[in-house]
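Before any comments, here is the structure.
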Amino acid sequence: MNTLQKGFTLIELMIVIAIVGILAAVALPAYQDYTARAQVSEAILLAEGQKSAVTEYYLNHGIWPKDNTSAGVASSSSIKGKYVKEVKVENGVVTATMNSSNVNKEIQGKKLSLWAKRQDGSVKWFCGQPVTRNAKDDTVTADATGNDGKIDTKHLPSTCRDNFDAS
């Protein structure tokens, strides 16, 4: 007597489970990178909102604004978002700091900067890892926080990967 086989064998089920596991293992890191990049984009958006005030101050006074107040923008703790702790202006450098919680763990507490340089009668802006500007000689250098304070380059958009010495 022949009986018809109904359903799946144990081997077939194990193969399906293995395939689903492999797909999940590939998709999860890609999704985490995607969420980190989306959260970093909020920091860039908030920081870019300060560019016009900083540029205007520089063009009117010939020096970079020393802080948020002199730039004519809200205090650093008032410029925040869902993923951004603060946006600070210091010697014309706009630095956004990510929150230390409720953010992708790879970017928690990390920073990115927007800074400008005078070139051929205009002001050119750059975006990248955190930098500082020496107010006396107007030089821009990499922030001394080390790698702990830097957002990994893979989480920065391609338009925000300038080196501190870019021109």
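Just so it is clear, glycine is given a Cβ too, placed from its N, Cα and C backbone atoms.
Residues or ranges marked as N-methylphenylalanine in Swiss-Prot: Phe8. Listed in sequence order, the residues of the same chain lying 6 or more apart from Phe8 (N-methylphenylalanine) and placing their CB within less than 8 Å of its CB are Val16. Mapped onto three states, the DSSP output places Phe8 (N-methylphenylalanine) in coil.
Among the features that Swiss-Prot reports, transmembrane segment is placed at 8-28.
Swiss-Prot lists Ser70 with the feature O-linked glycosylation site, giving similarity to another entry as the kind of evidence. Using a 10 Å Cβ-Cβ cutoff, Ser70 (O-linked glycosylation site) registers 16 neighbours.
Within 10 Å of the Cβ of Cys127 (disulfide bond) there are 20 other Cβ atoms, across all protein chains. The disulfide bond annotation in Swiss-Prot covers Cys127-Cys160, and the record cites similarity to another entry as its basis.
If you measure from the Cα atom of Ser70 (O-linked glycosylation site) to that of Cys127 (disulfide bond), you get 22 Å. If you draw a 10 Å sphere around the CB of Cys160 (disulfide bond), it holds 22 other CB atoms from the protein chains shown. Under DSSP, Cys127 (disulfide bond) is assigned to a strand (E or B) in the three-state scheme.
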